[in-house]
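Undergrad: There's a structure below that I have some questions on.
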Amino acid sequence: MDRNFRVAVVGAGAVGLSTALCIQDRIRNCDVTIIADQFSPSTTSDGSAGLWTPFLVPDDQREVVSRWALKTYHFLWDVFHSETACTYGVQLISGFNFCKEVQHDPPWSKQVKGFRRLSEEELKDYPGREYGIFYTAFTIDVPRLLSTFMKKFREQGGFVKAKKLGSLQEIESSFDVIVNCSGFGAAELLKDTKVKPKRGQVIRAKAPWIKHFYIDDIGDQKGDLTYILPGVDSVVLGGTSQDGNINTEDDQTDLDGIMKRCLKLMPSLKECKVQGTWAGLRPYREAVRLEIDRTSPGCKAKVVHNYGHGGSGLTLFWGCALDATELVLNLLQSKKSRL
């Protein structure tokens, strides 16, 4: 064969860029092109709080989700202990997750650093909260991460094309394999009715005295969440998880509710300075779709799907990228054997 294999990755968020990089790094004789209509700083990933912690993922995928999450955790651990941690915007951070009764430790508990259940004495400082856990994870400055990923991808010979696709069939004749990392866009691109929007709203504030993360999982039926997540340059205050709400504009009622809940949890935030706000749609799906598409046998290009990560794209991205790359490699090896 006198040409490299050609692979397209559709989507330029954290999942898409990490998948493109993994394919570059692990598959020889392969030209990779990223195709997307939105790039950083305009992706859904850019608005993410960037905390590593499994969130809004299906219970029946708990085992595989934990494996993806831990692969990502170990990747971030290596980045944090490298000379490039600042470039990637990766910060090691410990914190509190208040929750309903802890009957079983999460499956990832034995591999993250410092995991323990909160004592009754510790919980006295947070009235109304009877259970909780403490552990060490990471926050990511997502725009820095995406910028670094894109720079590395281009330096390694990757191609980038800005285009809004109406279907994957538009590009099937140009590539051997297409990897669909379109996130919420899969609802339109594939007519996937299982992809549902879960609207998120956050506030970014300057509060350098906040050194731990705080998550309160005891929300209400309206989709209100409470979390305080220190990042590299700001603290993210949140949030919401609203089913079916597709409004990507700020909602003042939501913003007021976020600030009220965060102040109740951490009164010192009264002195914080608001730097900005963001609203976007998490690509929730009843199951993360990471598989070879075997429903279109006549398609000229083989398709691998990697989307539907809910609120855990920045928790699962590297683990999912590794698995997607293995599927791409299997397809290319099978294609090569038939040539």
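Residue positions begin at 1 at the first shown residue.
Glycine is treated like the rest: Cβ placed from N, Cα and C.
Note: TrEMBL annotation is automatic and uncurated.
Remember, predicted model here, so these are calculated numbers, not experimental data.
Residues annotated as FAD binding site in TrEMBL: Thr44, Ser45, Ala49, Gly50, Leu51, Gly310, Gly311, Ser312, Gly313, Leu314, Thr315. Among the features that TrEMBL reports, D-dopa binding site is placed at Tyr227, Arg282, Gly311. The domain 'FAD dependent oxidoreductase' annotation in TrEMBL covers 6-327.
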Undergrad: Quick one: average pLDDT across the domain 'FAD dependent oxidoreductase' (6-327), no decimals.
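TA: Across the domain 'FAD dependent oxidoreductase' (6-327), the average pLDDT comes out at 93.
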Undergrad: How many other Cβ atoms are found within 10 Å of the Cβ atom of Ala49 (FAD binding site), counting all protein chains shown?
TA: 25
Undergrad: Could you say which of the binding-site residues Gly311, Gly313 has its Cβ with the most other Cβ atoms inside 10 Å?
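TA: Per the Cβ count, the most surrounded site is Gly313.
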Undergrad: Which has the fewest other CB atoms in a 10 Å radius around its CB: Thr44, Thr315, the listed binding-site residues?
TA: Thr44
Undergrad: Pop the Cα-Cα gap between Arg282 (D-dopa binding site) and Ala49 (FAD binding site) into the table, whole Å please.
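TA: Rounded to a whole number, the Cα-Cα distance is 12 Å.
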Undergrad: Would you give the longest CA-CA distance, in whole angstrom, between residues of Thr44, Ser45, Ala49, Gly50, Leu51, Gly310, Gly311, Ser312, Gly313, Leu314, Thr315, the set recorded as binding FAD?
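TA: Pairwise Cα check on Thr44, Ser45, Ala49, Gly50, Leu51, Gly310, Gly311, Ser312, Gly313, Leu314, Thr315 gives a maximum of 14 Å.
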Undergrad: In whole Å, how far is Gly311 (FAD binding site) from Arg282 (D-dopa binding site) when you measure between their Cα atoms?
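TA: Pair distance, Cα basis, whole Å: 6 Å.
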Undergrad: Starting from the Cβ centroid of Thr44, Ser45, Ala49, Gly50, Leu51, Gly310, Gly311, Ser312, Gly313, Leu314, Thr315, the recorded FAD site, name every other residue in that chain with its Cβ within 8 Å, sequence order please.
TA: Ala14, Ser48, Phe55, Arg282, His309
Undergrad: Taking the residues Tyr227, Arg282, Gly311, which the record names as binding D-dopa, find the longest CA to CA distance and state it in Å to the nearest whole number.
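TA: Answer in Å: the longest Cα-Cα distance is 16.
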Undergrad: If I take the alpha carbons of Tyr227 (D-dopa binding site) and Leu51 (FAD binding site), what is the distance between them in whole Å?
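TA: The separation of the Cα atoms works out to 10 Å.
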